[in-house]
């Protein structure tokens, strides 16, 4: 995302961002029963805020696909160590399973972990298998977590991950089902909190592929991903939703912000400290 050749002194004053989409793929996603028209809503809101004009016209490096495993495999053709970061509400079990035996890909998943909650995997003790032991990092969380506490956990874990694994490229899955108001009724976050997590990763100035994920309140998902697109581009977006095709979906306030609810935070500080301490111990196995 950051081409240091863009400036004479070798610094990177502005990120080089590519936004690649397919009208045919958007149409296919719009037909999904759980998230009808979600893809079009997201793209339309990004376009309404004028963010497309800040993108590069052409992609370089590899073709974007909305599949984490395929994206990682493509990155592995060029980069020795690839980091996958998943901030979706659900455990990133599929990606973890795909790379559970390798030390070339580290997976990090922050997710709800509770009896009966899908997929039921992702305890802090799940760290990978064989040569991949220690290269799966799982951060189990309880309901109600808010931006500040989530960011504290995220930064503590990611600082240790970067120090031990030293990735050369990153794939980050930005599910929006952690947002307040999502029908999953679990976490209590806002785009601002996720945006700060994203900025933490972007400050590493590594090639980074950003993917969508869950998100079942369609308007809030569009709000979140549009806000994050602005974050990547360094653009401050107006609070008032611009007039566009799906404008009526954002009532009654028609604003970009998402406010947390009164849901209590079930995460205890001592338990989170134990999880972070355990993860730091697990990462000592990384060579």
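Each residue's number is its place along the chain shown, starting with 1.
Using N, Cα and C of the backbone, Cβ positions are placed for all residues, glycine too.
The shown structure was predicted, so the numbers you read here are calculated from the model rather than taken from an experiment.
Quick look at what TrEMBL annotates:
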| type | residues | note |
| --- | --- | --- |
| ACT_SITE | 54 | active site, proton acceptor |
| DOMAIN | 56-230 | domain 'Histone deacetylase' |
| BINDING | 88, 90, 177 | divalent metal cation binding site |
Cβ contacts of residue 88 (divalent metal cation binding site) (under 8 Å, same chain, 6 or more positions away) = 109, 111, 173, 174, 175, 177, 178, 213, 214
Ask   = Within 8 Å of the Cβ centre of 88, 90, 177, which other residues of the chain have their Cβ, at the recorded divalent metal cation site?
value = 89, 111, 112, 175, 178, 184, 213, 214, 215
Message = Counting only residues 6+ away in sequence within the same chain, which have a CB under 8 Å from the CB of residue 90 (divalent metal cation binding site)?
response = 111, 112, 118, 119, 175, 177, 214
